[in-house]
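Please read the structure below before turning to the comments.
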Amino acid sequence: MVKKEFQAESKRLLELMVNSIYTHKEIFLRELISNASDAIDKIYYRALTDENLQFNKDDYYIKISIDKENRIVKISDTGIGMTDKELEENLGVIARSGSLAFKKENKAKEGYDIIGQFGVGFYSAFMVADNVTVISRALGSDQACKWESNGIDGYTMEPAAKEAVGTDVILKIKENTEDEDFDQFLEEYRLKSIVKKYSDFIRYPIKMDLTKSKPKEGSEDEYEQYTEEEIVNSMIPIWKKNKSELSAEDYENFYTEKRYGFDKPLRYIHISAEGTISYKAILFIPETIPFDYYTKEYEKGLELYSNGVLIMNKCADLLPDYFSFVKGMVDSEDLSLNISREMLQHDRQLKLIAKNLKTKIKNELKNLLENDREKYEKFYEAFGRQLKYGVYSDFGANKEDLQDLLMFYSSTEKKMVTLNEYVSRMPEEQKYIYYASGESIEKIDKMPQTELVADKGYEILYFTDDVDEFAIKMLRQYQEKEFKSVSSGDLGIEQEENDSEDQAHQDMFAKMKELLKDKVTDVKPSQRLKNHPVCLATEGDVTIEMEKVLSAMPNNPNIKAEKVLEININHPVFKSLKDAYEQDPEKLELYTDVLYNQALLIEGLPLEDPVSFTNNICKIM
Ligand SMILES: Nc1ncnc2c1ncn2[C@@H]1O[C@H](COP(=O)(O)OP(=O)(O)OP(=O)(O)O)[C@@H](O)[C@H]1O
């Protein structure tokens, strides 16, 4: 017998399991059944490609047996089994998706968070058992191996005998405590109801020996007990059932069982399509972002079945990138079981289904936006960015589909608003949809460039995501209203002109431009500033926020905004500037440099020479 220690992380998770105060301990059975079903799936897939292996459906099942006296519950499967090496790798070390998230979140103190959020697979057995034995014989091996652990110090491994290929997981159920009833997990009816609740649509039979009673032979009022093996799950997949038979809880359980996410779904869509193409689908919009969502590791896709048989785990072609957060499955009788990945891409039926799903998802989101604003905002907070990427990517090909789903923070409403809401509120004389870009709402609130537009009483949309301006450039307009940055040259707002006075300052501005060389394309009196002395505006297509995003890219394309330094001629600073221009050229140079650097700071742009800037401030003081 070999004795081994658990790895540190496994130990920590086990500790949480053993001492768990989590209330839904019953899920251990769901986890173990799901592992058993996966193990049978593995044989099934192997048989698809291995001629020497036959998959005879009747030989594959999961069996739950209870030995009340010895406090034992055994979950056996006829799946692919594990070699001793696999037993060690799979059960001695944490390497699963959910646990990976656990690693990142290991600040969470209570087991509750982890179990609730991630699901914990095999280790959940230790919530109800103080000893777990796994005896497994792998396909192709005649030797079995026994793994045993009390969940605390470590585990032991030794050779064992097992007649057939597969795995037995044997749980020694804990004794009742003052607060907790573990005896319930030794009751047939209780285990049966847990199977029904979580694992009803597992596609292999889950068998149990159930105690029944019948009248004793030759007697009218005496009964005798007998046991009979019964299949306790219906095996009918949820998507083949009628919508009216299903409750929200059934969909939620399906979502969890399928590991679509560790949260609760925000919304589900059950589709039963008949006609040119018939298929069934259950789609989910998750409530929270998967931890790897905005990374390269995240894989979009839906499970694809051909008449109840899984062909592919993640069929990416079924979902556009901008709906990559959608989880779920599609089952169609019209798809061939042996279709290859390459062929699938060109499959006409599949394309039709994908198109159809896209419309359904879009309509569902619209519906959510119109009828449950709070939920939609929650959704948008998690996945709005993906929708904006969708507007921007593919050269704007999908903008029509997505524009009505967009939302931005509004300066006047102080909350998220849609473009439609914005436009419907626009005063008649307002020409453009105004927006301001910045790092955060608080920072944009203080931006000098917003002063004129805000003063006019016009609503400003706040762009705080990197992708916002790029998406809007692609959109160009909404309901024939163009978008306009509050920092752009021409704001399209009528102003009282003061040409003669402006002219008088022209020479000074020309001089300032000369001093700033190619740092700015122009220096101008500002139309938009009310209280602030100075700001930067831009000409052309690239704004300052876009410049920042572009320069943060790994292959920095070195695209710069054409910056215009605007001076508020009604600000007291302007008089000092004018005096310097008339009397002291050196001072003008100093003031110009300080004002320019101030404008950079307001924009959150890096100063070219911070030391000389601070020296200059000191000089003025
Ligand atoms: N009954 C079984 N038969 C064969 N292999 C099993 C069985 N139970 C567990 N395993 C193996 O052990 C691994 C770890 O199981 P565990 O339940 O901890 O995580 P998981 O099933 O991979 O992930 P998750 O529970 O998050 O889906 C499985 O991936 C599988 O390879």
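Glycine is treated like the rest: Cβ placed from N, Cα and C.
TrEMBL: automatically predicted annotations, no manual curation.
What TrEMBL says about this one:
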REGION    1-341  region 'A'
BINDING   E31, N35, D77, M82, N90, 97-98, 117-122, T167, R341  ATP binding site
REGION    549-621  region 'C'
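The secondary structure of D77 (ATP binding site), as reduced to three states from DSSP, is extended strand. A sphere of 10 angstroms centred on the C-beta of F122 (ATP binding site) encloses 19 other C-beta atoms. According to DSSP, the secondary structure content of the region 'C' (549-621) in residues is 45 helix, 6 strand, 22 coil. In this structure, E31 (ATP binding site) is part of a helix by DSSP. Other C-beta atoms found within 10 angstroms of the C-beta of E31 (ATP binding site) number 21, with every protein chain shown included.
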